[in-house]
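Student: Grabbed the feature section from Swiss-Prot, which reads as follows:
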- P3: N-acetylproline (MOD_RES)
- N123, T173, K177, R295, H327, S379: substrate binding site (BINDING)
- K175: active site, proton acceptor (ACT_SITE)
- K201, D203, E204: Mg(2+) binding site (BINDING)
- K201: N6-carboxylysine (MOD_RES)
- H294: active site, proton acceptor (ACT_SITE)
- K334: site 'Transition state stabilizer' (SITE)
Amino acid sequence: MSPKTETKASVGFQAGVKDYRLTYYTPEYQTKDTDILAAFRVTPQPGVPPEEAGAAVAAESSTGTWTTVWTDGLTSLDRYKGRCYDLEPVPGEDNLFIAYVAYPLDLFEVGSVTNMFTSIVGNVFGYKALRALRLEDLRIPPAYIKTFQGPPHGIQVERDKLNKYGRPLLGCTIKPKLGLSAKNYGRAVYECLRGGLDFTKDDENVNSQPFMRWRDRFVFCAEALNKAQAETGEIKGHYLNATAGTCEEMIKRAVFARELGVPIVMHDYLTGGFTANTSLAHYCRDNGLLLHIHRAMHAVIDRQKNHGMHFRVLAKALRLSGGDHIHGGTVVGKLEGEREITLGFVDLLRDDFVEKDRSRGIYFTQDWVSMPGVLPVASGGIHVWHMPALTEIFGDDAVLQFGGGTLGHPWGNAPGAVANRVALEACVQARNEGRDLVREGNEVIREASKWSAELAAACEVWKEIKFEFAPVDTV
């Protein structure tokens, strides 16, 4: 070894591997208002102490690597490292812990969900010393929130654009989701909108296939909603799915939608990616388009209880990235969603300030500092008998979306839309009169069906349909 090399090695650097907890487990740390805080559900491998597991998460998602490196001495690790500052056992579990990690804000690029997730939910999820790892919640500090545009418009601006107040909005996903020609697709859109719905929707996998190219679909749907608007005197919308194989193609489709004069476009934000989604959200604000968001692929990420990422984190990320609507479960339909947990992330989407509430899965108080809210969309296996529960659960600021519950009506699409609109109006009126929709909901629907043959027919078709399975997602 040369004298020069010996001199370098003697200046405080000692090669080798040391426990993460010696550097990254800091229970004495006082979190800062500017820190991003994360709550991880950690399952260590047998023999790995929880302190080491929590410290490993902090290290591998910030500045650490598996061995000491001499370039650590060229920066201030105390300034930039993530810190596991608290650990708590999960009640009723032998080897499960909630690890709380604080990240200094300097680790993240401004206005980039992509960069934030690349660190916090990156390679650390494949770390061998952990049997499983799940990100349960994030606290996004106001200092970071202010670097994002957020939703293109938000709830109040959307209501003003549509001139619709005092009730949930009604939607319908056109079925079959694949296989219709553009003209027949447009016909279904027209029938639903003239029957009383506010919106119709492209399904998440309707993009530009051989049986229906995107441009043809856009033209026929624009014609349908213009005709329905003229007949009903109400503003109508159809979620034209702009999701595409490239960002350039996606923006081209959004530009064409704007030229057609439609009020809203749509994006699959997880399969399309956060960079694409944020770009589209910026375009929508600049050009007066509302943005509907579908969460296709979310269950791949969020349905396993001990590994992955909870949907409340994906919901927060969407509010930062930008969207005016997002699908968020129904509680009562065919898709996963426990009531209190669902309402927890619904509040995180809509409200300005949400208090910590572990009973609803909210690990941190979240201040959105006046960032516009996002309308939750309840969709999946719902029909007219669910209307009282949906009205009671979600209140006015939601979109209730009935696909099969509209198009499956025995008399056709327009009568299906009429049935849903009558049921909704009846439930809103009953609620406003002080009636208890939980106890009296079925009676409210029966009373309304006496005055609406369309609703009576829908009630008969779906009177026995239930989806009674225990939710996987529990606190």
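Every residue gets a Cβ built from N, Cα and C, even glycine.
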Student: Should any of the binding-site residues K201, D203, E204 have a Cα within 10 Å of the Cα of S379 (substrate binding site), which are they?
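Tutor: Within 10 Å Cα-Cα: none.
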Student: K177, H294, H327: which of these recorded positions has the highest Cβ count within 10 Å of its own Cβ?
Tutor: H294
Student: Where among the binding-site residues N123, T173 do you find the Cβ with the fewest other Cβ atoms within 10 Å?
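Tutor: Checked N123, T173; of these binding-site residues, fewest Cβ neighbours within 10 Å: N123.
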Student: Of all the Cα pairs drawn from N123, T173, K177, R295, H327, S379, the residues the record ties to substrate, which distance is largest, in Å?
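Tutor: Spelled out: the longest distance between any two Cα atoms in N123, T173, K177, R295, H327, S379 is 37 Å.
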Student: List the other residues in this chain whose Cβ sits within 8 Å of the Cβ centroid of the Mg(2+) site residues K201, D203, E204, in sequence order.
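Tutor: My list of surrounding residues reads T173, I174, K177, D202, N205, V206, Y239, N241, M266, H294.
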Student: Want to know which recorded positions, from T173, K175, H294, R295, H327, are within 10 Å of D203 (Mg(2+) binding site) at Cα; which are they?
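Tutor: Those near D203 (Mg(2+) binding site) - Cα within 10 Å - are T173, K175, H294, in sequence order.
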Student: Could you measure between H294 (active site, proton acceptor) and T173 (substrate binding site) for me? Cα positions, answer in whole angstrom.
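Tutor: With the alpha carbons as reference points, the distance is 12 Å.
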Student: Return only the integer: C-alpha distance in Å from T173 (substrate binding site) to K201 (Mg(2+) binding site).
Tutor: 5
